[in-house]
Amino acid sequence: MLDIQPIPAFDDNYIWLFTDAAGERACVVDPGDAAPVEQALQAAGLQLDAVLITHHHFDHVGGLPQLRERHAPRVYGPDNPAIEGIDVRVGQGDSVEVLGRTFEVLAVPGHTLDHIAYFHSGDDPLVFCGDTLFAGGCGRMFEGQPAQMLASLDALAALPPATRVYCAHEYTLANLRFARAVEPENEALQARQAAAEATRARRAPTVPSTLADELATNPFLRCREAPVIAGLKAGEQLQGEAPAQVFASVRAWKDNFRG
Ligand SMILES: [Zn+2]
């Protein structure tokens with residue numbers, strides 16, 4: 001199993017770090033801040049070999065200039081000229097080889113138009129999905145449209161259920177409180193919320209989740225499920241029953257939710 005460590009950054013970001021088999025060279029995902037990455041590299045005696053970028057937001061790319069200057073890693077990222085310091089620009093259907101691991105690139109626009117995810121298949125599948133899919137939620141639609149964002153989430157939902165979901169923020173408790181408002185009777189969701197509260201009480205990350213967890217409890221992946229549609233109706237939030245309308249309804253409700 002690929003060992004992946006969280007490097008906490010800012011208030012609630014996770015920069016993910018993994019190493020080669022020898023434990024000497026490292027890759028980080030979405031280094032919004034260089035300082036905590038430098039600390040983690042030094043503490044473990046690692047050399048920074050590669051960086052994966054999911055999208056252009058500052059809290060995902062802000063550490064790039066300093067890390068490039070000090071370590072000259074190979075940087076993979078979206079084909080967006082607004083991001084400086086990408087060595088290899090990748091998109092849907094590309095695959096990248098990092099520290100002996102292969103990752104398939106998925107285009108997942110919606111949170112931003114340049115957003116991509118990195119999927120590693122095999123016995124131990126995992127995805128680095130940035131701000132597209134969160135544990136119990138999804139990113140806000142800053143640049144995209146509901147049908148587009150839903151298609152991106154559908155692409156992630158089609159990955160193997162065992163896929164570990166490495167998102168970029170610790171938003172889980174707030175997401176699950178909202179999910180309970182949408183689906184108060186969902187027992188898997190109730191159990192997940194209790195488990196996540198216990199995890200956060202000991203200050204441990206709730207990420208990664210698994211795609212199976214998300215399919216059972218995340219309202220944004222459940223736009224075609226009757227209890228979600230019923231919950232939207234009960235909350236007087238339903239804009240229409242087509243999946244993209246259901247998705248837009250869940251997203252709009254969450255944007256205004258004060259739980
Ligand atoms: Zn973002």
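Cβ from N, Cα, C; glycine included.
Owing to the predicted nature of the structure, the values given are computational and were not obtained by experimental measurement.
Among the features that TrEMBL reports, Zn(2+) 1 binding site is placed at HIS55, HIS57, HIS111, ASP131. Under the three-state DSSP scheme, ASP131 (Zn(2+) 1 binding site) falls in the coil class. Within the same chain, residues at least 6 positions away in sequence whose Cβ sits under 8 Å from that of ASP131 (Zn(2+) 1 binding site) are THR54, HIS55, HIS57, HIS60, HIS111, THR112, HIS115, GLY139, CYS167, ALA168, HIS169.
Here TrEMBL flags ASP59, HIS60, ASP131, HIS169 as Zn(2+) 2 binding site.
Here TrEMBL flags 12-169 as domain 'Metallo-beta-lactamase'.
In this structure, HIS57, ASP131 are the binding-site residues from HIS57, ASP59, ASP131, HIS169 whose C-beta falls under 6 Å of some atom of ligand 1. Confidence annotation: the domain 'Metallo-beta-lactamase' (12-169) carries a mean pLDDT of 98 in the model.
Excluding the listed site residues HIS55, HIS57, HIS111, ASP131, the same chain places THR54, HIS56, HIS60, THR112, HIS115, GLY130, THR132, GLY139, PHE142, ALA168 with Cβ atoms within 8 Å of the centre of the Zn(2+) 1 site Cβ atoms.
Close to the recorded Zn(2+) 2 site, the chain also has ASN13, ASP30, GLY32, THR54, HIS55, HIS57, GLY130, ALA168: residues not among ASP59, HIS60, ASP131, HIS169 whose Cβ is within 8 Å of the site's Cβ mean position. Counting only same-chain residues six or more apart in sequence, the Cβ atoms lying under 8 angstroms from the Cβ of ASP59 (Zn(2+) 2 binding site) belong to ALA9, PHE10, ASN13, ASP30, GLY32, ASP33, ALA168.
The DSSP secondary structure for HIS55 (Zn(2+) 1 binding site) is coil.
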